[in-house]
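Participant: Got these off Swiss-Prot a minute ago, pasting:
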SIGNAL    1-21  signal peptide
DISULFID  Cys57-Cys80  disulfide bond
DISULFID  Cys58-Cys96  disulfide bond
DISULFID  Cys67-Cys107  disulfide bond
Amino acid sequence: MKPFHTALSFLILTTALGIWAQITHATETKEVQSSLKAQQGLEIEMFHMGFQDSSDCCLSYNSRIQCSRFIGYFPTSGGCTRPGIIFISKRGFQVCANPSDRRVQRCIERLEQNSQPRTYKQ
């Protein structure tokens, strides 16, 4: 019976931590949405790629970066398998980009130079 109790305890702990991570992520997402709405008057729809609900990670990069369509960005978390920059478009979509790509770096520089700071770091 001991393996059963161990497995049951692990399952309960995993479920509890998973719910906590979802609540934390939902709170952070609402904070980013509120910040963008206050600055741009936009209602943001968040789209997440992959199965990791507790953090935003890029599974692939978009090579077609059009900086004029973005209002902000934030880096992926340290828990992701690959580094990434997630740009937020004027329409509220998230676009993953390769942080070592020179076009991505120039876009970040432009966003930082525009009127108000618009980096949304988690």
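Backbone N, Cα and C define each Cβ position, glycine as well.
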Participant: At a 10 Å cut-off from the C-beta of Cys57 (disulfide bond), count the other C-beta atoms across all protein chains.
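Facilitator: Other Cβ atoms found within 10 Å: 20.
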Participant: Filter the disulfide-bonded residues Cys67, Cys96, Cys107 down to the ones within 10 angstroms of Cys57 (disulfide bond), Cα to Cα, kept in sequence order.
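Facilitator: Neighbours among disulfide-bonded residues, in sequence order: Cys96.
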Participant: Counting distance between Cα atoms, which of the disulfide-bonded residues Cys67, Cys96, Cys107 is nearest Cys80 (disulfide bond)?
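Facilitator: So, of the listed disulfide-bonded residues, the one sitting closest to Cys80 (disulfide bond) is Cys96.
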Participant: When neighbour density is defined as the number of other C-beta atoms within 10 angstroms of a residue's C-beta, which of the disulfide-bonded residues Cys80, Cys96 has the lowest density?
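Facilitator: Looking at the disulfide-bonded residues Cys80, Cys96, the Cβ with the fewest others within 10 Å is that of Cys80.
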Participant: With H, G and I counted as helix, E and B as strand and the rest as coil, say where DSSP puts Cys80 (disulfide bond).
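Facilitator: Reduced to three states, the DSSP call for Cys80 (disulfide bond) is coil.
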Participant: Tell me the Cβ neighbour count for Cys107 (disulfide bond), meaning other Cβ atoms within 10 Å of its Cβ, over all protein chains shown.
Facilitator: 21
